[in-house]
Amino acid sequence: MGTPILAPSMLAADHTRLAEDIKGVEQAGCSWLHVDIMDGHFVPNLTFGPQTVADLRPKTKLFLDVHLMLDNPQDFVEPFIKAGADQVTVHVEPDYDVSACLSKIKELGAKCGVVFNPGTPVDAVEPYLDAVDIILAMTVQPGFGGQSFQASVLKKTAQLAAWRQEKGLDFRIEVDGGVNAENAPDCRKAGVDTFVAGTAFFKAADRDAFRLNIESLA
Ligand code: DX5
Ligand code: ZN
């Protein structure tokens, strides 16, 4: 299991002062930033486009973990990687060629991963286990920050961890949605090594302590 990494979600930042808020993420000692891209179709909300990532890229060394919540992710992996995404994750629910999309992400030089919603069986990601750097298990229905963590998803991350061990693979296991200091230890026990947190990070009184708390989980 990989060392724990906290990936604060930019969705919970102040969108009129992203650069300053991202400096705050660096000052808290974080190495990753989670960037949520929504299309108003696959999920009922809109967020950022490739230009936001391109404009942030020269301002930060953070590893940009770009989560595409789009009906047509295959059309956007290239613009986001050219803009500076270090990793791109794509949902398995829309109808497109997921394997081809993962190959394209790798050819373009970024890390790749698949994402699945709380209502999607874990079997849906099994075909991609040896093709990905990371698997993201949504712990809320995607679209909005500030929702409650769905603990039932941890059965699925435990299954991913079991597959990872059986098959001798080393993909990371990420959770996203409602993650906080209270549920992070249960996530860790269920095989999670990558923790997205929007609200809990940006509202924490001491963000450095919040990060340390997560990244020191055994
Ligand atoms: C939800 C997004 C999340 C969101 C998490 O659709 O994918 O990344 O920012 O926010 P919190 O941590 O507030 O649930
Ligand atoms: Zn996300």
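The backbone N, Cα and C atoms fix where each Cβ goes, glycine too.
No curator has checked TrEMBL annotations; they are predicted automatically.
Taken from TrEMBL, the feature active site, proton acceptor applies to ASP36. Other Cβ atoms within 10 Å of the Cβ of ASP36 (active site, proton acceptor) number 24 in total over all chains. For the recorded site, ASP36 (active site, proton acceptor), the DSSP three-state label reads strand.
Sequence annotations record features per position, and here TrEMBL assigns active site, proton donor to ASP176. The Cβ neighbour count for ASP176 (active site, proton donor), using a 10 Å radius over every protein chain in view, is 25.
Cβ neighbour count for SER9 (substrate binding site): 24 (other Cβ atoms within 10 Å of its Cβ, all protein chains included). DSSP assigns SER9 (substrate binding site) to a strand segment in the three-state reduction. Taken from TrEMBL, the feature substrate binding site covers SER9, HIS67, GLY143, PHE144, GLY145, GLY146, ASP176, GLY177, GLY178, GLY198, THR199.
DSSP assigns ASP176 (active site, proton donor) to a strand segment in the three-state reduction. What TrEMBL records for HIS34, ASP36, HIS67, ASP176 is divalent metal cation binding site.
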Task = For each of the binding-site residues (GLY143, GLY145, GLY178), count the other CB atoms lying within 10 A of its CB, then report the residue with the highest count.
result = GLY178
Ask   = So which of the recorded positions ASP36, HIS67, GLY145, ASP176, THR199 sit close to ligand 2, that is, with a CB under 6 Å from an atom of it?
value = ASP36, HIS67, ASP176
Task = Would you count the other CB atoms within 10 A of the CB of THR199 (substrate binding site), including those on all shown protein chains?
result = 17
Inquiry  = Quick check: in three-state DSSP terms, what is THR199 (substrate binding site)?
reply    = helix
Request  = Under 8 Å Cβ to Cβ from HIS34 (divalent metal cation binding site), same chain, six or more residues apart: give me those in sequence order, or none if nothing qualifies.
outcome  = ALA7, PRO8, SER9, MET10, LEU11, ASP65, HIS67, ASP176, VAL196, GLY198
Request  = Provide, as an integer number of angstrom, the distance between the C-alpha atoms of GLY145 (substrate binding site) and ASP36 (active site, proton acceptor).
outcome  = 10
